[in-house]
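Here is what TrEMBL says about this protein:
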type: BINDING; residues: Gly519, Gln520, Thr521, Gly522, Ser523, Gly524, Lys525, Thr526; note: ATP binding site
type: COILED; residues: 128-173; note: coiled coil
type: COILED; residues: 219-418; note: coiled coil
type: COMPBIAS; residues: 1-10; note: compositional bias 'Polar residues'
type: COMPBIAS; residues: 12-25; note: compositional bias 'Basic and acidic residues'
type: DOMAIN; residues: 432-768; note: domain 'Kinesin motor'
type: REGION; residues: 1-57; note: region 'Disordered'
Amino acid sequence: MASSLPPRSSYQKKENAGLARREMGYRSTPRRNVLSALNNGEANGGTPADGGGAAGGAAEAAPVIEFSGREDVERLLAEKMKGKSKNDFKGRVDQMSDYIKKLRACIRWYIELEDAYLVEQEKLRGAMDSENARHTELETQLSNAIEELKAANLDLTRRCESLEESFNKEKSEKLIAMESYEKEKHERESAESSRDVLTVDLERVTHDAKRFSEQLKMVQDTNKRLQEYNTSLQQYNSNLQADASKSGETISKLQKEKSAMMETMAILRESNSSMGNQLESSRVSQQEAIRVKEELRKEVECLRVELKQVRDDRDHSVIQLNSLNIELTNYKEEIGKTSKECESFRTKVSKLEETCNTQQEQIQTFQKQLAVATEKLKLADVTAIEAMTGYEEQKEKIKYLEERLAQAESQIVEGDELRKKLHNTILELKGNIRVFCRVRPLLRFDGDSNGSEGASISFPTSVESTGRAIDLINQGQKLSFSYDKVFDHNASQEDVFVEISQLVQSALDGYKVCIFAYGQTGSGKTYTMMGKPGIDQKGIIPRSLEQIFKTSRFLESQGWNYSMQASMLEIYNETIRDLLVPGRSNGFEMTPNKQYTIKHDPHGNTTVSELTIIDVFGITDVTSLLEKASQSRSVGKTQMNEQSSRSHFVFTLKISGSNENTGQHVQGVLNLIDLAGSERLAKSGSTGDRLKETQSINKSLSALSDVIFAIAKGDDHVPFRNSKLTYLLQPCLGGDSKALMFVNISPEASSVGETICSLRFASRVNACEIGIPRRQTQARSFDSRLSYG
């Protein structure tokens, strides 16, 4: 075998070309043409009458005939016996034996060609087996890597459990210290009261005062140690925030890589379409080559018929020439013939010779045309084979690109899943319930507050407290509070939304998210949640919806399809009112007999019977609904606020998403709540209906605090049913749900009592751990990173 297989890694680019070369010329040595072997006998032997034996001898002495391609086989099959009379059995037998020898040579050639194909098939099978072995080895390596990753994950889980145990231990120590502090505080108060009663015994009072001063020093030392411990925890939290920012950068890099992959996918699709066009053109050229081949084959058949006719004419002329030569000899023997007759016969002979020469020239011309046609046919076959080779190459390349495209799409899906997990992990580390504080700026009509009184609120500037703490001076006593985030009076609506945008993203990822504003009436809750007309004045609700619709449209390119439903209600005096019901205006509902019942299914989904639910497709739909709801909400005038919200406003957006490419389904809920303002009856001056409203508002807010504290303590019974508000928000206050409380406070000195109550309530909520403990977990994780570093 002269041919050899090319490497498999080139997508078998030359396989079809090699088969074509083997078919057109199986051996590298020159081949003998079958037609030349057939014509040698006639050319060497002359006429059949005197050269038949010579032709038979030449056929027997001829070398073994070899075949160079399919054309020689077709010529052999098309060959017909000629030049022998019916009675010349010996000549016919010789021709038949010659023909049988050629058939045997043809069969041997086919057997050798088949053996060559079998050898190449075995080589291809060996190459395929080696590729399979290599793929098996790669799969083994991947399985080993997966096992190593699982072992590392198990190790990290164990470390996390040990950190949680350490955290619980420190928490118990902190509780013991706080109990001792409270105990000492009660003892100091009892000492002061006994000093007032026993003023007669001055020496005893002096002694008690010294003793209590010593105890006060001990308490101050304990308080100092607790402050240092709180400072270290805040430092750990800031370090974790830095890590979270790094994770955000990593997520942004993944998103950039994702966009680059999408561009690559578009380029690959364009390349695929161009390759399809090239494939179509190659098919057209192949069909054209096949048509030309058929035309050339028909032309060759015509030339063969003409050649046969010319040969018959030549044989007839040769016979006539022989007969004339015999007659000429007879005339020469006849003495009585005249010279004129001889001249005439000579003239005829010369004409016949000219005719024979002309016919010989025509035969040579036809032979040249036949050779040219054969070459054209070979070129057409080569062109067809090259077109098939190019088609196979394009097919392999398209298959490779499709595999790359599928791999890129798989990487995009895995990257999106990793982003969701990292995003959820960051939010869980920050806490499933978080507390933000926002201070309203002083307004022009805050007449009872001058500059010095307004300066009773300050913000620490230390590294660990910047943006996380607030100080309040009341009657010369300084009160310090710290939260997850503190916004001063200069913070804009954009600054506030940037901090909660990640929480809004969790709703699109399939989690239940609840954001509510708490505080006294007139502290800016409605402004924080709803805002005012204008781009810079928009509140949390419109900005959150803009982000959700923008992100959902972006995810459509990855195969995600989202549907959203909005509902708006208010809870007024423990009664649910539908703000989107047709015909409602100015707080009055046209169909007051509707029974709005809150129901929870086993999957944690909440529904309110007979509540109006509207499908929304863009921010314009939601904006019109918000305007309608704001006009229908219950408001009233009190001594503390001209436009005081007298009900709890609850905006609910249900998000359902599905991905046809990956088969994923998510269902998230976003609850945005503007709570009614808390107020003291003595200060608000409420009477009649306003008194009833105030009592209902304070009762529901108290029920909300009871629920949060019960969940934080892990009580078996959580009083969700004590209020319509808490029962409605039951699925959003536990499990893997995310909750955020905005505590809004007023800066004027006349509201310092309400401000202290709001800040203390927010601090108690901030100390609660619902879901995964965040602050101690952050500290322990930072310690573990230091130890490993």
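Just so you know, glycine gets a Cβ as well, placed from its N, Cα and C.
All TrEMBL annotations are machine predictions without curation.
Positions of the features from TrEMBL, shown on the structure.
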| residue | record | CB count, 10 Å |
| --- | --- | --- |
| Gly519 | ATP binding site | 29 |
| Gln520 | ATP binding site | 26 |
| Thr521 | ATP binding site | 26 |
| Gly522 | ATP binding site | 24 |
| Ser523 | ATP binding site | 28 |
| Gly524 | ATP binding site | 21 |
| Lys525 | ATP binding site | 27 |
| Thr526 | ATP binding site | 25 |
Mean of the pLDDT scores, which run from 0 to 100, over the domain 'Kinesin motor' (432-768): 82
